Amino acid sequence: MSDNDELQQIAHLRREYTKGGLRRRDLPADPLTLFERWLSQACEAKLADPTAMVVATVDENGQPYQRIVLLKHYDEKGMVFYTNLGSRKAHQIESNPRVSLLFPWHTLERQVMVTGKAERLSTLEVVKYFHSRPRDSQIGAWVSKQSSRISARGILESKFLELKQKFQQGEVPLPSFWGGFRVSMEQIEFWQGGEHRLHDRFLYQRENDAWKIDRLAP
């Protein structure tokens, strides 16, 4: 098969979205209510990693970057994730806190996109979550200088074993370079696939202490 033939096959990959629509009359006033419902349904459907979300940031040149992290908490203040503070995403957030989140629940023919500003979590919040993690995950946080170049995986594995020995007694201390961010919710868009590509999209936009809801064309 030629590269062109393979490209033509990709171009024709498509399917109809038939799992149901989203109507204005069914929308709650608070988008968190709908988000919680959809997340619960994603969990009930046993999707792989239902809390996985794409975090998009931009560097000082305006170049976008994306990566998948796990949502660890959400409430009216925002959506929370944890990371190495020396990572590329953390540095980019420090210089430009505007980020976008995307929950790609493909199996349910749904997406949720959140845009807002990211801010660092308090040390108290970080410590509480860090010590709730499995012990090996706590040690793993010490191992990697995230986004730095390394010559082989063996370097990480050797470092892990070294630190596991070092921290075998007592609590694993919180690394100074490990923390988290809370992304405020300025806009939340809910997307539900529809037949004939007539998808349903609703945008919640914060206006003072309330939410304005608009239907968007697909």
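The count begins at 1 with the first shown residue.
Cβ coordinates are placed from backbone N, Cα and C, and glycine is handled just like the others.
For HIS199 (substrate binding site), the Cβ neighbour count at a 10 Å cut-off comes to 18, with all displayed protein chains included. Look at Swiss-Prot and you will find ARG14, ARG15, GLU16, TYR17, LYS72, TYR129, ARG133, SER137, ARG197, LEU198, HIS199 tagged as substrate binding site, backed by sequence analysis.
Per Swiss-Prot, FMN binding site is recorded for 67-72, 82-83, 88-89, GLN111, 146-147, TRP191, ARG201. Using a 10 Å radius centred on the Cβ of LYS72 (substrate binding site) and all shown protein chains, the other Cβ atoms total 15.
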List of residues, in chain order, with Cβ under 8 A from that of ARG133 (substrate binding site) and at least 6 apart: ALA141
Residue with minimal Cβ packing [other Cβ atoms within 10 Å] among the binding-site residues ARG14, ARG201: ARG14
Three-state secondary structure, which DSSP defines for GLN111 (FMN binding site): strand
Among ARG14, LYS72, ARG197, which are recorded as binding-site residues, the nearest neighbour of TYR82 (FMN binding site) by Cα: LYS72
Candidate nearest ARG14 (substrate binding site) in space, where candidates are the binding-site residues VAL69, LEU71, ARG88, ARG201 and distance is Cα-Cα: ARG201
Among GLU16, ARG197, HIS199, which are recorded as binding-site residues, the nearest neighbour of LEU71 (FMN binding site) by Cα: HIS199
